[in-house]
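Take a look at the structure below.
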């Protein structure tokens, strides 16, 4: 079984082909990703119109490259999977229209995948883990703690009430004059910084509900930066290290709370899974590895190339859905907003 996956929800254009092995695990046969960082760097963030146009220019070539790399033709495919949202509507439409056209011409099943669900299922592609598991989904636009009970069965235990973790990293980087994208730049600067120089707040620590709030932390860093301006390179490094340490402390505390809540709604987890672009942060991975070990669980995080947006995760999510007969109609809509997990009932936990 081979599925083509198409990803165009933000600033990566991607096409991949994933197959199912005999043991049920996924095999990435091709994974083509073209980043638009250079196109957006001058603006300090993603410009939706530029992103959509860039997808149009390269998507067909990436699909052709994926097929060429595998030696497959369209007749060899069992399905066409595409990220139908959430994301920037212009980009989502580019991928969705392309996928619908291919599905019509080749008469292959269309699999309209939720981009967030694809992140949630990536650990099954790379490690073959079973359900249920606790997912920390942390990216530029989303921060959620989710009980993943099965394909299509997702219960949100906690979320951010303001900024997503990746968004906070990007805003701090911009405030400190670092390059775009901000997350890797903050992590790089933090390597030579003193994480104890600035006593930044740890919002929501100890709260029963495992939600996040990062706007206050971001404001506190801005006030410290203004207080000591003009900033030296060491000041920037120390601010980044202090900010990253605060984020890690908050995440560990919130995940610990989610682990407590998990048992009441989904039983014993098979693993703690970290997914999304922020899961590439080394300090966060180390802290989560320690936390998972204390809980007697493995930490499962995708290889770094699969933390960010990619076509392989879309293809795999499509393949998981295809095996369950969850095929979409050709009229499937583009969905710029598309929650993928139900909220935890107030009576649970």
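Any Cβ shown, glycine's included, is placed from N, Cα and C.
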Seminar exercise, completed: For the Fe cation site that Swiss-Prot gives as 115, 119, the extra residue out of 253, 264, 309 is 309
Exercise. Given that Swiss-Prot lists 137, 138, 139, 140, 141, 170, 281 as binding substrate, which residue among 152, 158, 183, 293 does it place in the same site?
Worked result: 183
Seminar exercise, completed: Most isolated by CB count within 10 A, of the binding-site residues 140, 141, 183, is 141
Problem set entry | Distance from residue 309 (Fe cation binding site) back to residue 137 (substrate binding site), taken between C-alpha atoms, in Å | 13
Exercise. Out of 139, 140, 170, which of these binding-site residues is nearest residue 119 (Fe cation binding site) by C-alpha distance?
Worked result: 139
Exercise. Taking the center of the Cβ atoms of 115, 119, 309 at the recorded Fe cation site, which other residues in this chain have a Cβ no more than 8 Å from that point?
Worked result: 7, 9, 83, 116, 118, 139, 276, 310, 313, 314
